[in-house]
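Colleague: Take a look at what TrEMBL says about it:
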BINDING   His192, His300  substrate binding site
BINDING   Asp223, His292, Glu325, Glu419  divalent metal cation 2 binding site
COMPBIAS  1-10  compositional bias 'Polar residues'
COMPBIAS  24-35  compositional bias 'Polar residues'
COMPBIAS  36-49  compositional bias 'Acidic residues'
COMPBIAS  56-71  compositional bias 'Basic residues'
DOMAIN    130-333  domain 'Peptidase M24'
REGION    1-80  region 'Disordered'
Amino acid sequence: MTTVDGSANAASAIEKGVGKLSVSKETPITKNTTNDSDEGGDSAEEDAENKDGAAKKKKNKKRNKKKKKKSGAGAAGQSETLSVPVSQLFPNNSYPVGEISEYVDDNKYRTTSEEMRAKDRLNEQQLFDLRRAAEVHREVRKNVRQRIKPGMDLTTIAEMIENGTRSLVEVNGLEAGIGFPTGLSINHCAAHFTPNAGDHVVLQQDDVLKVDFGVQVNGNIVDSAFTMSWNPRYDPLLQAVKEATNTGVREAGIDVRLGDIGAAIQEVMESYEIELDGKTTHIKPIRNLCGHNIGPYLIHSGKSVPIVANHDQTRMEEGELFAIETFGSTGNGYVLEEGACSHYAKIGGEHAKPRIPSAKKLLQTITKNFGTLPFCRRYLDRLGESHYYLGLKSLVDSGIVNAYPPLCDVKGSYTAQSEHTFILRPTVKEVLSRGEDY
């Protein structure tokens, strides 16, 4: 899920909300390769890397030399209908470890420090929860990337993803479930679109579809996104965001300045160009969208990771969980709110009690089922809520709930997204959402 970057004079960033152990054996770390793992499925992203001249790239200075291990993209034994919970496939918290990168320079000592290893062990349960969520994400996306096709209704796609997530994570109230509504934004719409009841949007052959979904276990959220298209002319756009996100992940680390990461991402993104209808266009980063850190039950926890250069001197810190997400556009590289809202989230902390009875009742439902996790109208419908529009509007107007309408560039443009979640462990950086597909 996306943060709007207030530093670019756009809408303000999303506000903050509330706030058995067994050892998982890490496989031996292998040496870093030049390129990150390729995307799989039916998306044209995997073809772009092999097209010489389709995109121009600049070399970037690496902040971290990496040794890394790539996790699998789904366990053997998973059913085609996504019916086998990952806890059954990986008993005793033996979930795959994410991609591991050792720290360098002033933080190189962390990899072998006994003190840092002891601190790492204190966070063992959080790592188990995050790896469980990440494995659910990998298995669900592996399945749906093979099934999403032009001609499908977006509601069908959203429910396919969400039902698969509920099944594999063994949904259990706020202990385990969906991290936020499934984003299915098409073409010039970059983020925050999911169908409401009654919406009948059919995926077209020439569409560029962003798929953004999250999984949470005990409030530990894994947030990852990819883009699909069925026309190879969009390959450079998809490759640009994929490489930009991999660059951001590579540059990230303890004590790294957020503004420096944005500069590295921007350099890579703007090195790509795309030819559409006989016109060559440089791909632009969407400058008022950015990545974010993640807190317990908080998809946006205060820090924003820009995708363009700025003067933000804020540093990443040990123990933080981040989502690096990048957006590329053939349009203006700037989004505005457009269309009917579907995404909402309760704001944490103390607030005035609702005066309208319908709002009071709805708030109880939201608090019980979502807490500060984002939700959408379809989720309220699923819980049996009806005639809630007045109550929901009252909660938004009262500052109890935030509304997040779709974010769109200029009509006629195309946008793409790529996103990974990683944690800055005391000893190493672990890219939790990495898989064989991307």
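All residue numbers here begin at 1 and follow the chain in the order shown.
Each Cβ is built from the backbone N, Cα and C atoms, and glycine gets one as well.
No curator has checked TrEMBL annotations; they are predicted automatically.
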Colleague: If I take the alpha carbons of His192 (substrate binding site) and Glu325 (divalent metal cation 2 binding site), what is the distance between them in whole Å?
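Modeller: Answer for this pair: 14 Å between alpha carbons.
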Colleague: Between Glu325 (divalent metal cation 2 binding site) and His300 (substrate binding site), find the distance joining the two CA atoms and give it rounded to the nearest Å.
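Modeller: With the alpha carbons as reference points, the distance is 12 Å.
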Colleague: Grab the pLDDT values for the domain 'Peptidase M24' (130-333) and give me their mean, rounded.
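Modeller: Value for the domain 'Peptidase M24' (130-333), mean pLDDT as a whole number: 98.
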Colleague: What number of additional C-beta atoms lies within 10 angstroms of the C-beta atom of His300 (substrate binding site)?
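Modeller: So the number of other Cβ atoms within 10 Å of His300 (substrate binding site) is 26.
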Colleague: Counting other CB atoms within 10 A of each CB, which of the binding-site residues Asp223, Glu325, Glu419 comes out lowest?
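Modeller: Among the binding-site residues Asp223, Glu325, Glu419, the sparsest Cβ neighbourhood within 10 Å belongs to Glu419.
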Colleague: Between His292 (divalent metal cation 2 binding site) and His300 (substrate binding site), what is the CA-CA distance rounded to a whole number of Å?
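Modeller: For His292 (divalent metal cation 2 binding site) versus His300 (substrate binding site), the Cα atoms are 6 Å apart.
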Colleague: Using a 10 Å cut-off, grab the number of neighbouring Cβ atoms around the Cβ of His292 (divalent metal cation 2 binding site), all chains included.
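Modeller: Taking all protein chains shown, His292 (divalent metal cation 2 binding site) has 25 Cβ neighbours within 10 Å.
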Colleague: Asp223 (divalent metal cation 2 binding site) to His300 (substrate binding site): how many Å between their Cα atoms?
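Modeller: Between the alpha carbons of Asp223 (divalent metal cation 2 binding site) and His300 (substrate binding site) there are 11 Å.
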Colleague: Please report how many Å separate the Cα atom of His300 (substrate binding site) from that of Glu419 (divalent metal cation 2 binding site), as a whole number.
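Modeller: The separation of the Cα atoms works out to 14 Å.
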Colleague: Near His192 (substrate binding site), how many other Cβ atoms are within 10 Å of its Cβ?
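Modeller: Neighbour count, Cβ to Cβ under the 10 Å cut-off: 28.
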Colleague: Can you give me the residues near the recorded divalent metal cation 2 site, meaning same chain, not Asp223, His292, Glu325, Glu419 themselves, Cβ no more than 8 Å from the center of the site's Cβ atoms?
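Modeller: Going along the sequence, the neighbours come out as Met1, Thr2, Thr3, Asp212, Ser224, Ala225, Gly291, Ala323, Ile324, His420, Thr421.
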